[in-house]
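Novice: Just dropping this structure here.
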Amino acid sequence: MTEPSKVIHVRNVGLEITEIDLHQLVQPFGVVTKLVMLRAKNQALLQMQDVDSAVNVLQYYTNTQPSVRGRNVYMQFSSHQELTTVDQNSQGRKNGEQDSQPNRILLVTIHHMLYPITVEVLHQVFSPHGFVEKIVTFHKSAGFQALVQYQLCQSAVQAQSSLQGRNIYDGCCQLDIQYSNLNELQVNYNNDRSRDFTNPSLPSEQRGRSSQQSGYGDSGSLYGLQPAGVRPGSFTQMSNVAAIAAAFGGVLPHGVTGTNDRCTLLVTNLNPEKIDEDKLFNLFSIYGNIVRIKLLRNKPDHALVQMGDGFQAELALHFLKGAFLLGKRLEVNFSKYPNITQAPDTREYAGSPLNRYNNNAVKNYRYCCSPTKMIHVSALPQDITEEELVTHLEEHGTILNTKLFEVNGKKQALIMFENEEQATEALVCKHATNIDRSVIRISFSQLQSI
């Protein structure tokens, strides 16, 4: 039997599973200090902050089957006691796979590619580490791939060490970098799929034919319809359907078409004595950015909520229809009005920094769900105690369990209420409130227990 270790070996890790998913799976038990995705083997190595945290993870998942995006994953202690840089670059050497020798040509595979990746994007990513001579992109069974040739081998080594496992865009387009066994790339055309930076006079395409680069892979036409102008590090409104589908494991939730273009929702059966615009914002912003909200004064239990786009409105309707809020069962439907006209009796949220989808949109789509009895609280003061957090939230219901933990040095918590209605009330009343000068953020957690 393998000795306990703070390194956990995870098997059956499909391509749809991201680093963020694995962090979410174990974050209630402690801090993850290192994570290595062994994509070629559908495995991962995950290092907790200490052995006790890893033991707690495996004890819990001995009785509960861990599942990520509908796929069962399997955990055991690793034979590694500590992950090192060598481990991260080895891609499973202990299991018999041989490492490639350092080479000035890198083979790059892009996982979870939600945005188009062109030669220009790759050049921006790799050129800070040395002079890039040539880039060729292609599509094979492993997904979208590229060969990047440096002038010097040491530049390729530095790039591989610095960029392996990182995302080009926030939450997606993860780099999986290995050394190629090729000695020289042959580039015939300079275009958005291949480029010889030492020979700018090459034609963009062969007359009468597609400018496909032959010899390395299949046509790159899959990405021909994607809009241009995306830059690494930014999130643009390029394809919400793709982002939502990818976040839900490649398939939209049942009943969500992804084709709706109506942005405004009519919310009825509200509690007029307790509801206000900010409480509605706190709830509906889980599913998308909010433009503005209007409470109908002639119908005190009615409100209009304008979402950022039709996809987000459809998600909100799907997950909130029939939910309990402040003692009432919500009715949510599309409004006959395409938008809410700005007026003195409307509340504006379009520029609010509290909108959850200004950044990390892909990550936020991933955590969309109907209200649950478990809430996740982040942006907490570093010195907060469980007792202080319970005091801040207990007026909204019976708290059954709590757990404070850290992710990347930031204090977070899971709070379990007696039922979904109590958790929802805590969320709408206490999201974006202050605790010791920290503006806390609250969302629903899909975890069933702590």
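Residue numbering: from 1, along the chain as shown.
Note that Cβ sites are derived from N, Cα and C of the backbone, with glycine treated the same way.
In case it's useful when we look at the structure, here is the feature table from TrEMBL:
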DOMAIN    6-80  domain 'RRM'
REGION    193-218  region 'Disordered'
COMPBIAS  193-204  compositional bias 'Polar residues'
COMPBIAS  209-218  compositional bias 'Low complexity'
DOMAIN    263-337  domain 'RRM'
DOMAIN    373-447  domain 'RRM'
Novice: Check the domain 'RRM' (373-447) for me and report the mean pLDDT.
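Specialist: Averaged over the domain 'RRM' (373-447), the predicted model reaches a pLDDT of 93.
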Novice: For the compositional bias 'Polar residues' (193-204), give the DSSP counts of helix residues, strand residues and coil residues.
Specialist: 0 helix, 3 strand, 9 coil
Novice: So how many of the residues in the domain 'RRM' (373-447) end up helix, strand or coil by DSSP?
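Specialist: Its residues divide into 22 helix, 30 strand, 23 coil.
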